[in-house]
Amino acid sequence: MHKFKHGLSPNFMRSSHKDNYNYGLPYDYGSVMHYSKKAFTNNSDPTIISRYSWYEDTMGSGTGPTFIDILMMNTHYKCLGQCKNSIKCMNNGYQRPKNCYSCLCPSGYGGRHCERRV
């Protein structure tokens with residue numbers, strides 16, 4: 001007996017690194033695109049199990065794009081590096097493509113250059 005609803009098992013096939021290129025960015029369990037641990041289940045059993053149990057409740061819980069989601073889209077659509085002058089962004093932030101005078105900051109950081117802990 002399969003855990004998945006009929007016809008949905010291909011959604012859960014493992015992808016190779018070649019087929020699932022993430023631009024060198026870390027895997028994002030909190031991505032808005034990530035299925036929850038019980039997505040499309042036939043019963044109450046999980047359809048996805050994380051290698052790290054502390055991420056299991058994070059999967060599929062996103063309500064909007066994460067910092068990594070946005071960075072991946074900006075990388076994919078070649079939006080980065082468009083500014084004439086570069087600025088220094090701290091704490092893994094990066095220069096905003098449409099506002100070259102400030103940085104896009106990861107969760108937990110703020111300020112023009114991601115210098116402040118929030």
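From the backbone N, Cα and C atoms, a Cβ is placed for every residue, glycine too.
Marked as domain 'Peptidase M12A' by TrEMBL: 1-84.
The domain 'EGF-like' annotation in TrEMBL covers 75-115. With a threshold of 8 Å between CB atoms, the same-chain residues lying at least 6 positions outside the domain 'EGF-like' (75-115) that come near it are 23, 25, 66-67.
The Cβ of Cys79 (disulfide bond) has Met73, Pro97 as same-chain neighbours under 8 Å, each 6 or more residues away in sequence. Annotation comment: TrEMBL describes Cys79-Cys89 (among others) as disulfide bond.
Summarising the annotation, TrEMBL assigns disulfide bond to Cys105-Cys114 (among others). Neighbour density for Cys114 (disulfide bond): within 10 A of its CB lie 22 other CB atoms from the protein chains shown. A coil conformation is recorded for Cys114 (disulfide bond) in the three-state DSSP classification, outside any helix or strand.
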Neighbour tally for Cys89 (disulfide bond), based on other Cβ positions within 10 Å of its Cβ: 21
Residues in the domain 'Peptidase M12A' (1-84) grouped by DSSP into helix, strand and remaining coil: 17 helix, 2 strand, 65 coil
Distant-in-sequence Cβ neighbours of Cys105 (disulfide bond), under 8 Å, six or more positions away: Phe67, Cys89, Asn91, Gly93, Gly111, Cys114
Taken over the domain 'EGF-like' (75-115), the model's mean pLDDT: 96
